[in-house]
Amino acid sequence: MTELLSSDQMRAFEKVAISQGAVTGLDLMERAGQGVVDTVLAHWPALSKGAQEALVLCGPGNNGGDGFVIARLLRDAGWAVRVHLWGDPADLPPDAKVNFDRWSEADKVLSLDPESVFTGPRPALFIDAVFGIGLSRPLPDAVAQVLNVAGMKAWKSSHEIKRIAVDCPSGLDLDTGLIPTDMGAVEKAGSAWPATLNTAHLTVTFHAPKLGHYLALGPTLCGELRVVDIGLRGAAREQHMVGHDPDPQRVRLAEPKFCGRHVTRLWLRSAMGKPNLTGHKFNFGHVAVFAGGVGRGGAGRLAARAALRSGAGLVTVICPPAALIENACQLNAIMLRALKPDQPLSDVADHRVSAFCLGPGMGVSDRTRALVGEVLERRAGDHDLDDPVVVLDADALGSFAQDPQRLFDRTHPRVILTPHEGEFERLFPDLSGAARAKMSKVDAVRRAAARAGCIVLLKGGDTVIADPQGGAAVHAASYGREAPWLATAGAGDVLAGLIAGLAAPFNSASLFCVAELAAYLHVEAARRFGPGLIAEDLPEELPKVFRDLGL
Ligand SMILES: NC(=O)C1=CN([C@@H]2O[C@H](COP(=O)(O)OP(=O)(O)OC[C@H]3O[C@@H](n4cnc5c(N)ncnc54)[C@H](OP(=O)(O)O)[C@@H]3O)[C@@H](O)[C@H]2O)[C@@H](O)CC1
Ligand SMILES: [K+]
């Protein structure tokens, strides 16, 4: 699984490599610039056929230094290159200054402002090397105007201009995936896009992807993402093997990759219980899904269906007595039990229930709170691993909005909370909204998991999963894995059931690994079905996904 780095981690890698004498900063800058040129020419082979015009915008730090290297390499290859610099050359850091001087030996450097940039000839390549991991505040207005895609209209046939971002589109915070603005940060497309919108066709980053490439606006702004090896490998820590719990210091992409190779089948087999064992249905666990009252059972039934499709041996829907007939009309392979308000849970769910799923359609109520409390108190004794898995979603979370601590006092390591942003905000108001202008989604979910003492999975196109020790993963429905059809009623209920179903067999992987796989399968099912998807389709698509993935 690919590691996602913070800006500080990237700087630390560079520092270690340089201080060990393995490489100089100038070497790294040269490799970075060469890597961008090679990647661009490989991406658009037609550009290699004849030298053309390139525009390189450089900033006051080492991102700008990379820009000077790129400009020189293109010039050496016969391109006509114009370079604009934001800032005073005398203030450039040493390596960037060396490359500024190398460029300046034969060519001039222009100022970076809309007038001077847009009056020149139309370039084939528009290269943004203004700010990278060193962005520390909102973009200056003049830079924002030059980088705004709208500015391209100054050139005729602007659609033919390839926009390349060096490390990231300038203005993107590589820790949060947000765009810092004077008013805080902008996260969502549609929610007041800043005037500084800077989207690239291709972003070339170095050594490893950063958090901001995958979180929030990152994928929208970066276009396609390529990672160039600049020889820091010696300093890199080993990669994450699929099926292993996360390292608390690191963040990984939840994906079926190891050392750059696809290991999808291995991932499925390492996380799921069913493919590794023969036996009777009780070997594969029993999931109990609580459903709502009359007319509100659909969400619970969706979760139950997903649990059964994902490998649980048995699934029981537990509902209030009045909803028994409604559910009986709709369920076959899924068992059904009614639970009266004064009846003990053990009457309908014995000790063999290995996973509970609560929330979808249950309603925000005292009754839901009481049932959640009762399930969380069902502990096996000495060993956490013997406790049933408890997936808490939707109304199981909403029922504790007034007093989240009451929930957190009971949650344990075999519990997973699966909120969407709104539910997360109600449970963790101090880790949401404006607080997230500075704190990445990963940090917010890590803190939430530590506070709740259980796993937290915060849904989104950039789903973040964290455990109380700090281990974290991002599951990204981006860079070719977009799943817009998943934004449909009931899709979240299916995910909750999927987690419960995957976690139910006694021999499945840790709950964290199961949650990563569930997020992946959920998106795979949506993408395989495609346009027109509704939540009912997701569980039915799972068998095809399993088959496609080689199970
Ligand atoms: N690390 C590595 O291993 C490698 C790194 N490499 C490259 O170096 C890049 C990182 O370089 P970097 O640290 O110099 O940061 P960078 O993004 O150039 O900007 C810092 C400058 O911008 C300024 N500044 C910031 N925000 C501003 C604003 N809004 N408006 C105005 N000014 C602003 C800031 O000023 P300050 O905040 O200090 O006042 C400072 O002067 C990295 O992204 C990659 O491309 C590669 O060569 C290969 C190896
Ligand atoms: K940049």
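The backbone N, Cα and C atoms fix where each Cβ goes, and this holds for glycine too.
TrEMBL annotations: computationally assigned, not manually curated.
Under the heading domain 'YjeF N-terminal', TrEMBL lists 10-238. In the predicted model, residues of the domain 'YjeF N-terminal' (10-238) average a pLDDT of 91.
Remark: ILE133 ((6S)-NADPHX binding site) has SER7, MET10, ARG11, ASN63, ASP167, CYS168, LEU174, LYS210 as non-local neighbours, by Cβ distance under 8 Å and separation of at least 6 in sequence. Positions annotated as (6S)-NADPHX binding site by TrEMBL: 62-66, 132-138, ASP167, ALA299, GLY361, HIS420, ASP493.
Within 10 Å of the C-beta of ASN63 (K(+) binding site) there are 25 other C-beta atoms, taking all protein chains into account. Taken from TrEMBL, the feature K(+) binding site covers ASN63, ASP128, SER170.
According to TrEMBL, the domain 'YjeF C-terminal' annotation covers 264-549.
Sequence annotations record features per position, and here TrEMBL assigns AMP binding site to LYS459, GLY460, GLY461, ASP462, THR463, GLY492. According to DSSP, GLY492 (AMP binding site) is assigned to a helical segment.
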GLY65, ILE133, SER136, HIS420, LYS459, THR463: which of these binding-site residues put a Cβ within less than 6 Å of any ligand 2 atom?
none
Kindly assign SER136 ((6S)-NADPHX binding site) to one of the three DSSP-derived states: helix, strand or coil.
coil
Between SER170 (K(+) binding site) and SER136 ((6S)-NADPHX binding site), how many Å separate their Cα atoms?
11
Apart from ASN63, ASP128, SER170, which residues in this chain have a Cβ no more than 8 Å from the mean position of the Cβ atoms of those residues at the K(+) site?
LEU57, GLY59, GLY64, GLY67, ALA129, VAL130, PHE131, GLY132, LEU147, ALA165, VAL166, ASP167, CYS168, PRO169
For ligand 1, pick out the binding-site residues ASN62, ASN63, ASP128, ILE133, SER136, ASP167 that have a CB under 6 angstroms away from one of its atoms.
ASN62, ASN63, ILE133, SER136, ASP167
Nonlocal neighbours by CB distance (under 8 Å) for ASP462 (AMP binding site), same chain, sequence gap 6 or more:
GLY177, TYR214, LEU215, ALA216, GLY218, PRO219, LYS441, VAL474, HIS475, ALA476, ALA477, SER478
Within a 10 Å radius of its Cβ, which of these binding-site residues (ASN62, SER136, SER170, THR463) has the fewest neighbouring Cβ atoms?
SER136
